[in-house]
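Visitor: Just passing along the structure, written as structure tokens.
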Amino acid sequence: MSLLKMEYNLYAELKKMTCGQPLSLFNEDGDFVEVEPGSSFKFLIPKGFYASPSVKTSLVFETLTTTDNKITSINPTNAPKLYPLQRKVVSEVVSNMRKMIESKRPLYITLHLACGFGKTITTCYLMATHGRKTVICVPNKMLIHQWKTQVEAVGLEHKISIDGVSSLLKELKTQSPDVLIVVSRHLTNDAFCKYINKHYDLFILDESHTYNLMNNTAVTRFLAYYPPMMCYFLTATPRPANRIYCNSIINIAKLSDLKKTIYAVDSFFEPYSTDNIRHMVKRLDGPSNKYHIYTEKLLSVDEPRNQLILNTLVEEFKSGTINRILVITKLREHMVLFYKRLLDLFGPEVVFIGDAQNRRTPDMVKSIKELNRFIFVSTLFYSGTGLDIPSLDSLFICSAVINNMQIEQLLGRVCRETELLDRTVYVFPNTSIKEIKYMIGNFMQRIISLSVDKLGFKQKSYRKHQESDPTSVCTTSSREERVLNRIFNSQNR
């Protein structure tokens with residue numbers, strides 16, 4: 001740990017990384033506070049901040065020669081086979097670490113790799129290469145299985161802990177597995193933090209963007225007070241301020257042969273309203289809608305829009321255009337609505353629900369990976385990050401209020417490299433609730449723009465359903481309204 005006065009140059013360097021956010025650190029009294037320029041307090045500067053050679057310091061950090069926490073079950077013949085681009089990442093990491101060791105810098109690296117790159121298998125290769133006892137920390141239980149599969153493939157002795165950390169500590173008194181796979185809430189236990197700081201050299205923080213290290217979280221406190229010897233942050237969408245805790249980044253672009261298409265399913269609805277909708281509309285401008293809760297609630301009861309989503313999905317699925325579908329909503333009740341209606345149409349052998357409240361969901365996810373055709377309905381919270389179903393070929397985004405980081409993570413669910421190259425995303429930029437019409441259009445345009453500009457999708461208009469089904473809910477009141485709607489859509493592309 002390094003307690004330092006907040007001199008101007010140090011403050012400026014740290015503040016620059018927050019990209020306008022408040023800079024918060026632990027002070028000498030152990031309080032997590034916002035750092036003000038010229039403060040007389042001393043602050044705990046994260047070890048990982050010094051990983052970058054651009055940060056000038058006279059501090060000297062421990063090297064791996066000071067510990068003996070080596071993996072005992074390692075077998076070089078079990079090392080996973082990597083693609084050329086993954087091998088390039090390994091080469092970059094090894095080269096950077098040599099330089100860090102020579103200059104006595106902390107061995108902290110952020111692997112900023114695109115969704116579908118294969119971060120898990122690449123990191124397992126690095127883990128086996130280092131030969132050091134490792135803790136893999138994941139934000140939720142859903143990510144455990146993909147790590148378990150890869151760690152077992154490498155042949156490393158491991159222990160998984162997703163429930164009580166107290167029972168894990170008792171087990172660690174008699175055994176010390178080479179690899180611990182834990183959920184991040186374990187880091188709320190100081191005794192556990194002290195144990196892994198002493199007995200494990202490598203710490204892997206998976207999906208590091210899910211943690212805001214400018215907040216006083218368990219992960220923030222662990223990295224500040226119990227900094228590991230080596231550390232990897234894994235993410236496809238780095239959170240800029242987190243760089244303060246891991247200030248060395250490797251980013252290698254992934255060239256892809258995938259054919260990625262995003263369809264904006266345009267339609268014009270007659271205004272739709274109910275007593276419930278009118279009641280929620282009154283709350284749109286109030287403090288209760290600060291995070292657009294009521295915006296999403298209104299979408300969940302927008303019956304014409306919901307029917308359009310179902311009609312589009314059913315037609316595409318029945319035609320065989322798409323086969324392995326992920327349907328994403330923001331709210332649980334919206335998820336349940338789609339699940340029940342699709343279940344009535346296709347049955348339980350095809351339709352599955354990714355419900356965070358059901359403990360069997362992770363096992364169900366494993367079981368559908370080998371299916372040729374399925375529809376998986378879930379929420380953004382549960383399946384937007386880290387969902388491990390590589391065979392997904394299509395995504396229906398039913399919600400609207402999604403930030404850029406969530407958008408990129410969500411689209412990444414259908415960008416995994418497989419033998420099948422076609423990937424399709426469907427968004428629905430219109431609503432029958434006039435009070436949120438333009439708001440939804442703007443949010444949807446952000447999704448489309450990011451997918452095209454950053455992730456290589458090609459945008460196309462989807463009109464097949466409206467043209468082929470005269471009884472569809474996508475009705476127009478007049479020819480003039482249809483023309484005006486097309487003009488509005490063209491202006492917002």
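Yeah, the Cβs are placed from backbone N, Cα and C, and that goes for glycine too.
According to Swiss-Prot, the record shows the following:
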BINDING   LEU113, ALA114, CYS115, GLY116, PHE117, GLY118, LYS119, THR120  ATP binding site
DOMAIN    100-256  domain 'Helicase ATP-binding'
MOTIF     206-209  motif 'DESH box'
Visitor: Per DSSP, what is the residue tally for the motif 'DESH box' (206-209) in helix, strand and coil?
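Guide: Each residue of the motif 'DESH box' (206-209) counted once, the result is 2 helix, 0 strand, 2 coil.
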Visitor: Averaging the per-residue pLDDT over the motif 'DESH box' (206-209), what integer do you get?
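Guide: Residues in the motif 'DESH box' (206-209) carry a mean pLDDT of 95 in this prediction.
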Visitor: Measure the Cβ-based neighbour count of PHE117 (ATP binding site), defined as the other Cβ atoms within 10 Å of its Cβ.
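Guide: For PHE117 (ATP binding site), the count of other Cβ atoms within 10 Å is 25.
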Visitor: Within 8 Å of the centroid of the Cβ atoms of LEU113, ALA114, CYS115, GLY116, PHE117, GLY118, LYS119, THR120, which other residues of that chain place their own Cβ, given that this set defines the recorded ATP site?
Guide: THR122, ALA236, LYS254, GLY412
Visitor: On the three-state reduction of DSSP, what should I expect for THR120 (ATP binding site)?
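Guide: In the DSSP reduction, THR120 (ATP binding site) maps to helix.
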Visitor: What are the sequence-distant neighbours of LYS119 (ATP binding site), meaning same chain, six or more residues apart, C-beta distance under 8 angstroms?
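Guide: LYS119 (ATP binding site) has long-range Cβ partners LEU111, LEU113, ASP206, LEU234, ALA236.
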Visitor: Is it possible to get the count of other C-beta atoms within 10 angstroms of the C-beta of THR120 (ATP binding site)?
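Guide: Its Cβ has 21 other Cβ atoms within 10 Å.
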